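Shown next, in structure tokens, is the structure this report addresses.
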């Protein structure tokens, strides 16, 4: 038992916050990442939490928070202690992209999100007219708002799973680097 507990204590954990407008596909993406299957999902009222091991010594805890307008006012309650932001965009819904950009900008301006790495998932690439990663990068003004952090835009499809393995790898790499930098900063402060 003691050996097992000692082993568990070496496992590094990182909190990944999943945000995006309602119907962007956050919950579907999380279930596809976790269970390798697409589920019929309902709008998330509140939040979902799930853990994914990305290696024998690193676990990501995903906080999938509802994206309805009434839920967005609570997003700031989830920002502190975040090691990575996974921001999901419906890349086929051009009409709501400006609204999504404004919400994204508000998140990044929060002091708790300073230097936190960002992976944007340009979801629903299977739908006609979906914007590619370059278009999403430009529309969300990534170079302007993410110049102080690691960031990446990954095209994906929650239904087919296309692009999700790459996204998970990128999130894990960024979160691991960010966690190490926080540990170094904490050690230097003491």
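Each Cβ is built from the backbone N, Cα and C atoms, and glycine gets one as well.
TrEMBL labels come from automatic prediction, so no person has curated them.
Feature annotation from TrEMBL assigns GTP binding site to 20, 21, 22, 23, 24, 25, 26, 27, 67, 123, 124, 125, 126. Positions annotated as Mg(2+) binding site by TrEMBL: 27, 44.
Residues 20, 21, 22, 23, 24, 25, 26, 27, 67, 123, 124, 125, 126 are the ones the record ties to GTP, and the longest Cα gap between any two of them is 22 Å.
Each residue contributes its Cα atom, and for residue 27 (Mg(2+) binding site) and residue 20 (GTP binding site) these two points are 10 Å apart.
Residue 44 (Mg(2+) binding site) and residue 126 (GTP binding site) are 23 Å apart (CA-CA, integer value). Take the CB of residue 26 (GTP binding site) and look out to 10 A: across all protein chains shown you find 28 other CB atoms. Counting every protein chain shown, 22 other Cβ atoms lie within 10 Å of the Cβ of residue 27 (Mg(2+) binding site). Reported as a whole number, the C-alpha separation between residue 67 (GTP binding site) and residue 44 (Mg(2+) binding site) equals 8 Å. Looking at 22, 126, the binding-site residues in this record, the fewest other C-beta atoms within 10 angstroms of the C-beta turn up around 126.
Counting only residues at least six positions away in the same chain, the Cβ atoms of 26, 67, 87, 88, 89, 90, 100, 121 sit under 8 Å from the Cβ of residue 20 (GTP binding site).
Checking Cα-Cα distances from residue 44 (Mg(2+) binding site) against the binding-site residues (22, 24, 124) with a 10 Å cut-off leaves 22, in sequence order. Classification of residue 26 (GTP binding site) by DSSP places it within a helix.
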